[in-house]
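Here's the structure we're looking at; comments come further down.
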Amino acid sequence: MSRTLDYTKELIRRASVTPEDQGCQAWIIEKLEVLGFKCETLWFEEVRNLWARRGTQGPVFAFAGHTDVVPTGDVTAWKYDPFTPTEEGDLLYGRGAADMKGSIAAMIVAMEDFIAAHPDHNGSLAFLITADEEGPSVNGTVKVVEHLQARQEHIDYCLVGEPSSTNTVGDVIKNGRRGSLGAKLTVKGIQGHVAYPHLARNPIHDVAPALAELSATEWDQGNDFFPATSFQISNINGGTGATNVIPGTCEIIFNFRFSTELTDAILRERVEAILDKHGLDYDLQWTLSGQPFLTDRGALVDAAVGAIRDVTELDTELSTAGGTSDGRFIAPTGTQVVELGPTNATIHKVDEHTSISELDTLTQIYQRLLQHLMTTG
């Protein structure tokens, strides 16, 4: 029987819908303390976090992950109960199987086997686990990192167990992520009767040319590591629902996923210049969710690439595509960060599942990476 499978099931059974942990971290602590980890539970507001470390010297390698999962939606739409882990052939069904309780299980088993083989490993080993990744992400990893910085504790290498793989485990490593800058734009007009437009001002009509220009703008051309910056409108709301009323306001929500070619300050400046050019009366509220980051070829990326090749014979792809992750909070401290985890085809979906054999392969990759990075010779 696979320990990784057993551990994944233990975690899935705990219905830790964000920001709840439901005993996952207490169970993880039991496993890590046996291995000699000093475990600290860190509460920020009502969010539980875990920092566990084995050793006092550098370099420090940390596995990072989250015990919280997204809501299930309509449970009657699921093939099996989402919090009753169920095997079907080589597949394991359950909320969090792929994102990311399977990764955490693989991390623990890999660490058990690595420490058994290398009790006097180089440096220090660590885990950074949060229950606030799938939600607002304000009392999780970002606060743990701030806490560590305040006491001059630095992570040199960090592997985030997000489901990075596409078709088979290890085929893609995320060695960076685009930045995310969102905004809520409220354009003001004058409400009135549609039959008397001269007595009103339609904010939807006013903002339409500006939105067209924003959508057509080439913000940058990207670079060798990042695609071009993307601007997307996600919501437009205006009107009372009546057919004969010109609305008084229009609200637009949009988002940039931006490369290292730009800063969030440059994007804000360019957007506001376009809005001003079109003579709009507006309010604009910005939300910066994360800066872009990139971990270039170096000790961690090379160890991950080598481990994947050793275990699977795959030549992995380095990618910065996709959404944000908690890596965005860790990388700015100077930490080398990669994301490596299961395939992501069913994450956040009804009937989320992962391949049992891939979880075992992932465990081997994690263990091999530790050997590359934290042993001599």
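Here the Cβ of each residue, glycine as well, is placed from N, Cα and C on the backbone.
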Discussion item. Need one residue: from His66, His198, His205, the one Swiss-Prot lists with Asp99, Glu162 for Zn(2+) 1.
Written reply: His66
Worksheet item: Same Zn(2+) 2 site as Asp99, His348 according to Swiss-Prot: which of Glu112, Glu134, Glu313, Glu317?
Response: Glu134
Worksheet entry | Site of maximum Cβ density within 10 Å, from recorded positions Asp68, Asp99, Glu133, Glu134, Glu162 | Glu162
Worksheet item: What is the one among the binding-site residues His66, His348 whose Cβ has the most other Cβ atoms less than or equal to 10 Å away?
Response: His66
Worksheet item: Quick one: which of these recorded positions, His66, Asp68, Glu133, Glu162, have their CA within 10 A of His348 (Zn(2+) 2 binding site)?
Response: none
Fill in: Between Asp68 (active site) and Glu133 (active site, proton acceptor), the C-alpha gap once rounded to whole angstrom
7
Discussion item. Quick check for the class: what is the C-alpha distance, in angstrom and rounded, between Glu162 (Zn(2+) 1 binding site) and Glu133 (active site, proton acceptor)?
Written reply: 11
